[in-house]
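Shown next, in structure tokens, is the structure this report addresses.
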Amino acid sequence: MATSNKNMLLNYVPVYVMLPLGVINVNNVFEDPDGLKEQLVQLRAAGVDGVMVDVWWGIIEQKGPKEYDWSAYKSLFQLVQECGLKLQAIMSFHQCGGNVGDVVTIPIPQWVLDIGESDPDIFYTNRSGTRDKEYLTVGVDNKPIFHGRTAIEIYSDYMKSFRENMSEFLKSELIIDIEVGLGPAGELRYPSYPQNQGWVFPGIGEFQCYDKYLKADFKAAAAKAGHSEWELPDDAGTYNDIPESTEFFKTNGTYLTEKGKFFLTWYSNQLLNHGDQILDEANKAFLGCKVKLAIKVSGIHWWYKAQNHAAELTAGYYNLDDRDGYRPIAKMVSRHHGILNFTCLEMRDSEQSSDAQSAPQELVQQVLSGGWRENIEVAGENALSRYDATAYNQIILNARPQGVNKDGPPKLRMYGVTYLRLSDDLLQESNFEIFKKFVVKMHADQSHCDDPQEYNHAIPPLKRSGPNIPVDDLLEATKPILPFPWDSETDMKVDG
């Protein structure tokens, strides 16, 4: 039975639940407040700490530039507050639809898509010229082609408007964190594995830098490095290839040559710079609010065991056995006092088919360790809906990799975990029973705690971002460091 003990509370990991994707529909209507209220009351009774919700750019600013309509979201936030839950708000600058689990379609605003009609290079583009309309290419971050605004200015204005319009919920400390969307699915990555273009697991994916803006950027960078003859890769295969069938990723392939390394560094640095610039804007927008900023990094666990890490490389994570592609991201986030939110916490290597050379457990261990080494908080979520004890136990293990400490804070502890996602299936009786046990175990057998200070999570007013970290300093974090050791299983099993 859950109790309350001061030392054990320091092991408490809060649990949030992701709301359904279409809770506010594409027409900016809060469809079923009564139905949602019933569900939120059940979550609160189960001891859940809060919920996470996508705040869709394509809904809020759909009528025209700077024409924001926050009314439906205000009603939603009001309801969450009445139900006694906290809120994690995602600034969702991507399209909903086309990714794993997308059951509704919410495009980016029509006035932006209209600009894309005459200038399709505003979208990420693969080598064969297919455009991906889920998110604007980083190539237009600083191009004032959106009725005089740059992409970064659009994101910045949106966040400022959110702060102004949601000030009551920021003041009341309902909103505890702002997840800043930085790419497709809200993740800091390229759309390298789009299902709507025919990608299927475990395809290696494709590089997405062939729009004219990124092409020009690459050519300028290559010329500056004294190699004006270098072009973007033309030997990296297509979405559903295996690494060995491509010249780029095969053993001793292009990825290991001077040209290949130059390209991969440029490609991954684009994301670092993109995340850094937008987090800086988010920091300015929410300065002084009692919130944490967070970014999401995708769990690309397939081909992790291959020397080439092909699927990670096409997504923009330049991670090899002798080069850490994640710690530089954590270092960049540290400048903004942010949280790194990672996915696939529920997955075990033994559940994966061997031909995908997949290693989710090692990947989670590497990314979380990298965050902790850079002295930032790390949070996470499951990638796919699961309702079984094995998955819950794996999440609990990752939340406290070295178990609980009965005398104080544990050596390692995640900042929070968000369960994906609220549904009728989750609330089905036997599923919900085990979920309730999961919440209690995440809380280290303690009762639900309303005061985050008791588990060392007091949130001070957001301070200004630290000084800019030069890219060479960020890249020092590519030196591999051994991850922290993980226990083989959790000491707080839901079925133990």
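Here, residue 1 is simply the first one shown, and the rest follow in order.
Note that Cβ sites are derived from N, Cα and C of the backbone, with glycine treated the same way.
Here is what Swiss-Prot says about this protein:
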| type | residues | note |
| --- | --- | --- |
| ACT_SITE | GLU187 | active site, proton donor |
| ACT_SITE | GLU381 | active site, proton acceptor |
| BINDING | ASP54, HIS94, ASP102, LYS296, HIS301, THR343, ASN382, ALA383, ARG421 | substrate binding site |
Conformational class of ASP54 (substrate binding site) under the three-state DSSP mapping:
strand
Would you identify which of the binding-site residues HIS301, ARG421 has the most other C-beta atoms lying within 10 angstroms of its C-beta?
HIS301
Sequence gap of 6 or more, Cβ distance under 8 Å: name the residues on the same chain that satisfy this around GLU381 (active site, proton acceptor), in order along the sequence.
MET18, ASN341, PHE342, THR343, LEU345, VAL417, THR418, TYR419, LEU420
Here are some binding-site residues: ASP54, ASP102. Which one has the most Cβ atoms within 10 Å of its Cβ?
ASP54
Round to the nearest Å and give the CA-to-CA distance linking ASP54 (substrate binding site) with GLU187 (active site, proton donor).
12
Are there residues of the same chain, six or more positions away from ASN382 (substrate binding site), whose CB falls under 8 angstroms from its CB, and which are they?
THR343, CYS344, LEU345, GLU346, ALA391, ILE395, TYR419, LEU420
According to DSSP, collapsed to three classes, what secondary structure does ARG421 (substrate binding site) have?
coil
Within the chain of GLU187 (active site, proton donor), which residues six or more apart in sequence place their C-beta under 8 angstroms from its C-beta?
LYS296, VAL297, SER298, THR343
Given that the record lists ASP54, HIS94, ASP102, LYS296, HIS301, THR343, ASN382, ALA383, ARG421 as binding substrate, what is the largest C-alpha to C-alpha distance among them, in Å?
24
